[in-house]
Amino acid sequence: MSTVVVVGTQWGDEGKGKITDYLAESAEVVARYQGGNNAGHTIIFDGNKYKLHLIPSGIFYSDKTCVIGNGMVIDPKALVKELEYIHSFGFSTSNLKISDRAHVILPYHIKLDGVEEDSRGANKIGTTRKGIGPAYMDKAARIGIRIADLLDRDEFARKLERNLAEKNMLLEKLYNTTGFELKEILDEYLALAEIIRPYVTDTSVVLNDSIDSGNRVLFEGAQGVLLDIDQGTYPYVTSSNPIAGGVTIGSGVGPTKIHQVIGVAKAYTTRVGDGPFLTELNDATGDHIREVGFEYGTTTGRPRRVGWFDSVVVRHARRVSGITGLAITKLDTLSGIETLRICTAYKYNGEIIESFPANLNLLAKCEPVYEELPGWTEDITGIRNLNDLPENARHYIERITQLTGIPMSIFSVGPDREQTVVVRGIYG
């Protein structure tokens, strides 16, 4: 029995899709447990690049069961579009299972997400405007509509009518914009429900039965620890729990069944959206890393903010997610930079801070404490063994493991599968 969770240790976009896709080859089940179509993951499969937002990375393996767990919020239109996208390349999706307890994103969630963000003015939180936050708000307020409701025509109609009365009032009276017609949404989403219906089941049964049978199960997190609603840079966060603990809530699998947590980190740091970012590079080096690493959002296309590796951030991720192994991606992007920096701590009013502050005003006043390391000029994209790395590259990632306190499990020197190097066994 072996279960592995893959989490991002930074602000998302760490390369989790690549690592998950690699590890999925040895798993029988791949599951997502939180988020929605607000985060994308890019997968290279058989030399081709695919971009997914909702469906787990393992979908391209016909012999793997792929699960969309109860902790996710699902936009049925986006889901059907993604199914059609996968089918267009000749892949089957018969191996997909969708939780009947997952919540549904509806048109009013998406519209409210946009108008609420616009109303914040200079205090925008950087939402992707996909309706994620409003859907999770309804879930917490106990007025959400779940997949099980969507498949029950009468129940869906009843709950939709109730919710539209409130949502239309908000849109029309508070935000001075138009609301929605009940019949229009009802007809469209009942049709979508019939497309989704064959995939829907109690996924907690699927997952627990698989684990109890001794199968390898891989849980795929979206976003990253610093975007976690509890442990991240609140309020500049997502509306769910990407940390490893989110697996138990978002999949219906108990904590005693989680065995390994792999934390994925870029060899530097990136962030999309607003909020403090102490190691950010607003200079030629930052521009160079952005272009070489092609640091643009999968979902939004927005240029990502780029900075040096921050060990304070990753130590925080290790602590709150119980990370047992580190996967460092995009090491090759740093080739050719003469001097590299790693943030080892923060300084506030002359005091050294080694843990990540919750107070963002305090965080914004901190200064990063850097350690400089020599870079390397060699092309490392063909490296397939840790000991074959240039001395400076090897020393760089060894220093990262020392500062974060996480043993190295994987490093990556390019986008392709064969450019993923396993240093330490994952599944045991």
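Glycine residues also receive a Cβ, built from the backbone N, Cα and C atoms like all the rest.
For the IMP site, Swiss-Prot records ASP13, GLU14, GLY15, LYS16, ASN38, ALA39, GLY40, HIS41, THR128, ARG142, GLN223, ARG302, and the single candidate of THR233, THR238, THR285 listed with them is THR238.
Maximum C-alpha to C-alpha distance over the listed IMP-binding residues ASP13, GLU14, GLY15, LYS16, ASN38, ALA39, GLY40, HIS41, THR128, ARG142, GLN223, THR238, ARG302 is 34 Å. When secondary structure is read from DSSP and collapsed to three states, LYS18 (GTP binding site) falls in the helix class. Cα distances from THR42 (GTP binding site) to the binding-site residues ASP13, GLN223, GLY301, ARG302, PRO303 are smallest for ASP13. Under the three-state DSSP scheme, ARG302 (IMP binding site) falls in the coil class. Across the fold, the C-alpha of ASP13 (IMP binding site) and the C-alpha of LEU331 (GTP binding site) stand 14 Å from each other. Sequence-distant contacts (6 or more apart, same chain, Cβ under 8 Å) of GLN223 (IMP binding site) comprise GLY8, TRP11, GLY12, GLY35, ASN38, ALA39, THR238, SER240, PRO242.
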